[in-house]
Amino acid sequence: MKVHIFTYGCQMNENDSEIVKQLLKDEGIELTDDENDADVVILNTCAVRKKSEEKVYSHIGKLRKKGKKIGIMGCVAEKEKENLFKRGVSFVIGTRALTKVPDAVLNAKNGNKQIYLEDTLDEIEYHKVETRSSNHHAWVTIIHGCDRFCTYCIVPYTRGREKSRPIDEVLKEVESLSQRGYKEFTFLGQNVDAYGKDLRDGTSLAKLLKLASQIDNVKRLWFLTSYPTDFSLEIPKVMLESEKVARSIHLPVQHGSDKILKAMNRRYTRQEYIDLINEIRKIVPDASISSDIIVGFPGENDEDFEATVELVKLLKFERLNLAVYSPREGTVAWKYLKDDVPYQVKVRRMSYLLNLQKTINKELNKSYLGKEVEVIVEAQAKNGLFYGRDIRNKIISFEANPESIGKNVIVKVNKISAGPLYGEIKKILD
């Protein structure tokens, strides 16, 4: 029996798929990269946006026509549960029941519908996961779930409450991977700054970054995603202490209006967010700060939108992820707040912010022209150029060869844009 896994959504889903592939391999189950060659296709799904969920249902329909056995894991599995059986799905795996996938696959041939929603995360031996999507970079999930319950967000309902992995276990995984040649690590969590709080033993993200940076062969450490009221100023201090900790912080603000922030249940004010960014920049002046903003949340008027525009102009984010609000069934906003901003208005406002951010990006990127920076070569793009990121998460494209992937190189930037930078390799460091 051959199995194919298709992954939608976030980096944590990528990591979950890597773990499941290892679990299947350990049971002697064959994996295939070709969906058409598979007997069983597992979709690791995303439900953050309605569009993401619709893509999953479309994919299920195509797989049914091909006669495939279908397994669903990820957030859609947790959200829809038994309802997925009506769509012809063979088994459903909850976000914390990853270890049940091999049993589900082996039992799929008998035609019985299966659903596993229990928490078996403690059974996973993370340090033994060898099936990674990269040969030099590894996703490392350090905390599952979220306790913040923003009114628009489905994640607390699909990923559960916050649950941290013991710090020794995480460090063991990083150590094991570093011995196998991995040099770059991204610590993952829906609210990564909450890491360790539930353990009540002094564990924190700052402590983890400090200890992981002391491991031989580790070259760079990243973390995603931060929440403003949980973010500790110890983290930028660790950035100053270790050149291995990337000077990049993704800190979603979601909106610039206090009225909308309150309706979102974001637990901070506009000014508190501004003060936090200013404090971070006092400690690490060249810190790269990116953010997320939702456009068209219920009740957003012109004044609210203008507050967001002014915030973006003031803080000058390095990157900005924009999304048009769409109600998610089961959330507080879906239940109690009318989706009253016309779609055309949402699109117009998002377009305005996109153009504003492009202008900011181009202005910020000017400081890179003629500069030499160290990057780790990641991969080759469709245009034939290779690319990598510097310590501030700036993407730089350049000519190289496949043998350079995973290597540290010095690149001189000779061209800028509102997006990636362009340059040439001046020196290979390893």
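Just so it is clear, glycine is given a Cβ too, placed from its N, Cα and C backbone atoms.
Swiss-Prot has this to say about the protein:
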- Cys10, Cys46, Cys75: [4Fe-4S] cluster 1 binding site (BINDING)
- Cys146, Cys150, Cys153: [4Fe-4S] cluster 2 binding site (BINDING)
- 1-110: domain 'MTTase N-terminal' (DOMAIN)
- 132-363: domain 'Radical SAM core' (DOMAIN)
- 366-427: domain 'TRAM' (DOMAIN)
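According to DSSP, Cys75 ([4Fe-4S] cluster 1 binding site) is assigned to a helical segment.
Each residue in Arg148, Phe149, Tyr152, Ile154, Val155, Pro156, Gln190 lies on the same chain as Cys146, Cys150, Cys153 and has a C-beta within 8 Å of the C-beta centroid of that [4Fe-4S] cluster 2 site, without being one of the site residues.
With every protein chain in view, the residue among the binding-site residues Cys46, Cys75, Cys146, Cys150, Cys153 whose Cβ has the most Cβ partners within 10 Å turns out to be Cys75.
There are 20 other CB atoms within 10 A of the CB of Cys10 ([4Fe-4S] cluster 1 binding site), with all protein chains counted. Taking the centroid of the Cβ atoms of Cys10, Cys46, Cys75 as the [4Fe-4S] cluster 1 site, the other same-chain residues with Cβ within 8 Å of it are Tyr8, Gly9, Met12, Asn13, Thr45, Ala47, Val48, Ser52, Gly74, Thr158. Across the domain 'TRAM' (366-427), DSSP classifies residues as 6 helix, 32 strand, 24 coil. Checked against Cys46 ([4Fe-4S] cluster 1 binding site), the binding-site residues Cys146, Cys150, Cys153 differ in C-alpha distance, with Cys153 being the nearest.
For Cys150 ([4Fe-4S] cluster 2 binding site) paired with Cys10 ([4Fe-4S] cluster 1 binding site), the C-alpha to C-alpha distance reads 18 Å. Note on the domain 'Radical SAM core' (132-363): mean pLDDT across this stretch is 98. Taking H, G and I as helix, E and B as strand and the rest as coil, DSSP gives the domain 'MTTase N-terminal' (1-110) the counts 61 helix, 23 strand, 26 coil. Cys153 ([4Fe-4S] cluster 2 binding site) sits 12 Å from Cys75 ([4Fe-4S] cluster 1 binding site), taking the CA atoms of both as reference points.
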